[in-house]
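Per TrEMBL, the features are:
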type	residues	note
REGION	1-431	region 'N-terminal catalytic PFK domain 1'
DOMAIN	2-365	domain 'Phosphofructokinase'
BINDING	G10, R128, C129, G158, D159, G160, S161	ATP binding site
BINDING	D159	Mg(2+) binding site
BINDING	S204, I205, D206, R241, M248, G249, R250, E305, R333, H339, T340, Q341, R342	substrate binding site
ACT_SITE	D206	active site, proton acceptor
REGION	445-807	region 'C-terminal regulatory PFK domain 2'
DOMAIN	445-733	domain 'Phosphofructokinase'
BINDING	R514, T571, I572, S573, N574, N575, R609, Q616, G617, G618, E676, R702, R783	beta-D-fructose 2,6-bisphosphate binding site
Amino acid sequence: MKIAVLTSGGDSAGMNAVVRSVVKIGILRGCETWIVREGYEGLVRGNTQDYVPYEAPLADPIAAKRARGGVKSTIFENLRFGDGDLLRDGTLDHPNGRSLKGRYIVRAGFDDVRGWFAEGGTLIGTARCKAFRTQEGRLAGAHNLIKEGIDALVVCGGDGSLTGADVFRAEWPTLIDTLLAQGLITQEQHAKHGHLRIVGLVGSIDNDMSMTDLTIGAPTALQRICEAIDNINSTAASHSRAFVLEVMGRHCGWLALLAGVSTGADFIFIPEQPPQANPWEDELCEEIKRHREIGKRKTIVIVAEGAHDANLQPIRAEYVKDVLSERLGLDTRVTTLGHTQRGGRPCAFDRILPTLQGEEAVKALLESTPDTPSYMIGVRENKITRVPLMEAVAMTKAVADAITAKDFAKAMSLRDPEFLQSFENFLTTSTLFKEKQLTADKRMRVAIMHIGAPAGGMNAATRAAVRYCIKQGHTPLAVHNGFRGLLDDFIHEPSWLGVDGWTVRGGSELGTNRILPDVDLGAVAARFQEHNFHGLMLIGGFEAFNALLILENGRKHYPSFNIPMVHLPATISNNVPMTEFSLGSDTSLNALVDACDSIKQSASASRNRVFVVETQGGKCGYIATMGALATGASLVYTSEKGMDLDLLRQDVKFLKIRYGLDAKGRSEGRLVIRNECASTVYTTDMMTKMFKEEGGALFDSRSASLGHTLQGGVPSPMDRARAARLSLRCMAFLEEHHDKLQLQPSRVKIAPPESAAVITIQGSALKWVPVQEMVQHADMKNRRGKELWWAGVKDLVEALSGRSELL
C-alpha cells in the first residue's frame, strides 16, 4: 500500500507529529509513505518535475551489513529520499542541486521526518484550496494520486478539510471512471485504484470537533493562552487593573472556557452559553463588583472571538473594556492574543496524542474495505477511538446550527460531556455566591490534606474544593503539613479570596510530606473527633492511597473515621493503581520535554552525541516511557522491564548501526531515557561511560539528571483543568455519602467500605474505586499498579527509533 499524508486548513501544533507518526508507522507496516505539500492545493497541482534519486553516503558503510545480519530491512530500504532537509527548512533548493520545485507529492523516508514533532506549525505546508471544492479540482487530485500509485490518504485538518476528504472518497468511483474515459489512466490503473482508503485526524486549536475530547493543537494553544494570562495576572494585581483578553474560538468556546478554569478568570464569554441576564452588562458588573468588594485587586475577563449575547449580537473585547471602565471605574486594558496561540513548540500531550493517533490511522487504513466508512481518529479521556467521520462532522455542524437557532442548551449538550462539566466547574469556582446552597442540616466540615511529594495541580484542586465548600455552606479545613500538621493542630479555615491565586502555583501551598497516619493512629482519630470532621479529601500519590487504606482499616477501632473519605491522585510518577492519569504527571512531562529539547539541541549540534537522561518516577516508568515517546528518544529503560547485560549489548549494537546509517557528516543527537530505579547496578553514570567507550569514532556520550526539576514549575493547563474537575467530583462524592450516613438511625454511624474511595480515570470514564478493592490491583512492594496501560508504549518508542527493525 502507498499512503500519503496531508495537512489542510489552519496549522496547529502537533501536525508534524502526525506526519512523522504516519510515515514511520507506515514504513514499519511495509507501506510506501508520501507527503502532500501545501494541503489540497498540492494535491490538485501534483508533480510537474520528476524525482531525482539521491543517495547520501553512510557514516559507516559496515552498518548496512550489521543491520539484521546483512538482510535489508524495511527501514533500510526506506531510510531517506534526500528531501528531509528541504521540507524541514522550508526551502526549495539544496546545495547539492536537489529541489522541490514542481513537486508537491513527495515520497518520504524514515529519516526524512526525524525530529519533526518538536517543531510548531506544519512543515509540509497547509492551504485552503478553492479548486478542490470543485469536481474538476478533485478530478485533478485523483489523477495525481493515481500517477504516483497512491491508494490511501491521511488528512489532518478541521471539519471542512475532513468533509472534503469524505466527499473525495464518495466521488472516487466517478472520478476514476471519468479519468479512464478521458484516457488519462489505463484500464489496469482503473482496476488497481478502484478503492480509495481515507482516514481523518482533527487538527484544530479550537477543539471544535464533536465525538472527540481533544483535537490536535488544542492543548498547546491552551498552554500559550495560559502562559500569557499568568504573565498578565502579576501586572494586573500590581496596578489593581482589569484585563479583557480575546482568544481564538469563532464557533467554539473551549479555549476561553478552559483558560478561564485554568487561570482563575473572573468572567468568560463563549458562543455556546451567552450570559443569561438581559442586559448582560448588569450580570458582568455585579459579579466583578462582588469580587472587588471583598478585596480582590485584579480582574480577568476572557472573550472568545465568536462570543455573542442571547440575541446573537457580537460581544467585543473593546466594548467589555468600556463597560468595566465606565460603570465600575476600573483601570482596564485589552489584550488580543491572536496568532501567538497557534505558534511555538508543541506541548507533551500534543506530541504523544498525534503519535498514538497516527499509529491508529495506519491501522485503520490497512483494515479499510469499500464497505467501511471513512473514520476519524479521536480520543475519549485516554482511549484512542475510531468514529465515522461524517457523523462527527454532522454533529459539529449541529452545534453551530443550534447556536444560530438560539438553542444554547442543545449546543452545550452536543459538545463532549467534559465541556458542560467544565462550564459548571468554572461557575462554581469563579462565582461568589450570595446565599449558601445547602440547608444547615446538610452542611459539612471537610478536611483537605496534601500527602507525599508535591505535584502540579495540588493547589488548583484545593482551591476548587475550598470554593465549592463555601458555595454550598460547608466549612473547609485546610490541614497543613500532612498528618504531622494534623497532630500539631496546624489547621485553618481558608477563605474564598485566600485561595484565589492558587490555581497557577506549583508545589504545595499546604505543605506535604510522606508521614502516614499510623505514626499515631489514636492521636489522629482524636484530632478527627476534636475538629468534628464530616469528610476528608486526601490529595497525593501512593502515600495518600496508603493513608486512606490505613484510615479505612481503622474504622473498626476509631468511630471518628466513619466519615466519607476520598483520595484524589496527584503524583508526577502516575503510579496510583487503576487510574490512567494523576495530577502533576502532565506538568512533569512538559518539564521533561522542555529539558530534553534543549539537551537534544546540544546533542545534535555536536552531531554524534548520545545523552543519557535520568528521570524521576520511583519504580514506575510512566514519566520515562511517555517522555521518551514525546521526545523521540532512541531507547528507554524502566524498572518494570529491568536491565541486564544482554539488553545493553543489544542496545550498543543498535546505536552503532543507527549512527552508521546516518548520512556522512549529518549524524543526529540522540536521547536515551532512564528511570531512576531502572537498575541499581547499571547506573546512569555507568551507562554513559559504556556508551562513550563502545561508541568509538561513531558517537560520544554525556549524561543529564533532571531530578526535582520535574516536580516544580507552574502547573500545566491540563493539570489545572483536570484538578478542578476531579476535585469537584470528589466533593460531590463526600456530600452523597455524608447524606447516606445521616440517614442511619443509630447515634454511632457506620460508614460502608465504598465511602472510602479513590477517583480514577479509566479509559473514557471516571470511576470510583473503594480503597480495599484498589489493594487487589496494587503492587504494594513496588508502589505501582499491577496493570499498566502504557506498558506497550516502550515497544512503540523503540519501533519509532528503528531498534525493533534493525536488530
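A Cβ is built for glycine as well, from the same backbone N, Cα and C atoms used for every other residue.
Overlay of TrEMBL feature records on the structure.
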{"residue": "G10", "record": "ATP binding site", "Cβ contacts under 8 Å, 6 or more apart": "T126, G157, G158, G203, S204, I205, R342"}
{"residue": "R128", "record": "ATP binding site", "Cβ contacts under 8 Å, 6 or more apart": "S8, G9, G39"}
{"residue": "M248", "record": "substrate binding site", "Cβ contacts under 8 Å, 6 or more apart": "I205, D206, A221, L255, A304, E305, L337, G338, Q341, R342"}
{"residue": "R333", "record": "substrate binding site", "Cβ contacts under 8 Å, 6 or more apart": "R241, A242, F243, V244, K321"}
{"residue": "T340", "record": "substrate binding site", "Cβ contacts under 8 Å, 6 or more apart": "R224, A228"}
{"residue": "R514", "record": "beta-D-fructose 2,6-bisphosphate binding site", "Cβ contacts under 8 Å, 6 or more apart": "I451, G452, A453, G482, E543"}
{"residue": "R609", "record": "beta-D-fructose 2,6-bisphosphate binding site", "Cβ contacts under 8 Å, 6 or more apart": "S602, A603, G669, R670, F699, D700, S701, R702"}
{"residue": "G617", "record": "beta-D-fructose 2,6-bisphosphate binding site", "Cβ contacts under 8 Å, 6 or more apart": "I572, S573, N575, I623, A624, N675, E676, C677"}
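In this structure, the C-alpha atom of G160 (ATP binding site) lies 14 angstrom from that of R250 (substrate binding site). Other Cβ atoms within 10 Å of the Cβ of I572 (beta-D-fructose 2,6-bisphosphate binding site), summed over all protein chains shown, number 32. In the shown protein chains, 22 other C-beta atoms lie within 10 A of the C-beta of C129 (ATP binding site). Considering other CB atoms within 10 Å as the measure, the emptiest surroundings among the binding-site residues G158, G160 are those of G160.
In space, D159 is the closest of the binding-site residues C129, D159, S161, N574, R783 to R250 (substrate binding site), judged by Cα positions. Neighbour counts of Cβ atoms within 10 Å were compared across the binding-site residues R250, R342, R783; the minimum falls on R250. Across the region 'N-terminal catalytic PFK domain 1' (1-431), the model assigns an average pLDDT of 91.
Among the binding-site residues listed (C129, D159, S161), D159 has its Cα nearest to the Cα of N574 (beta-D-fructose 2,6-bisphosphate binding site). Comparing Cα positions, R783 (beta-D-fructose 2,6-bisphosphate binding site) lies closest to D159 out of the binding-site residues C129, D159, S161. Burial estimate for the binding-site residues (D159, E676): highest at D159, by number of other CB atoms within 10 Å.
For S204 (substrate binding site), other Cβ atoms within 10 Å of its Cβ number 25. Counting only same-chain residues at least 6 apart in sequence, those with a Cβ under 8 Å from the Cβ of S161 (ATP binding site) are S8, G9, G39, Y40, V155, G200. In sequence order, S8, G9, G157, G164 are the residues of the same chain, not among G10, R128, C129, G158, D159, G160, S161, whose CB sits within 8 A of the CB centroid for the ATP site. In terms of local Cβ density within 10 Å, N574 ranks first among the binding-site residues D206, N574.
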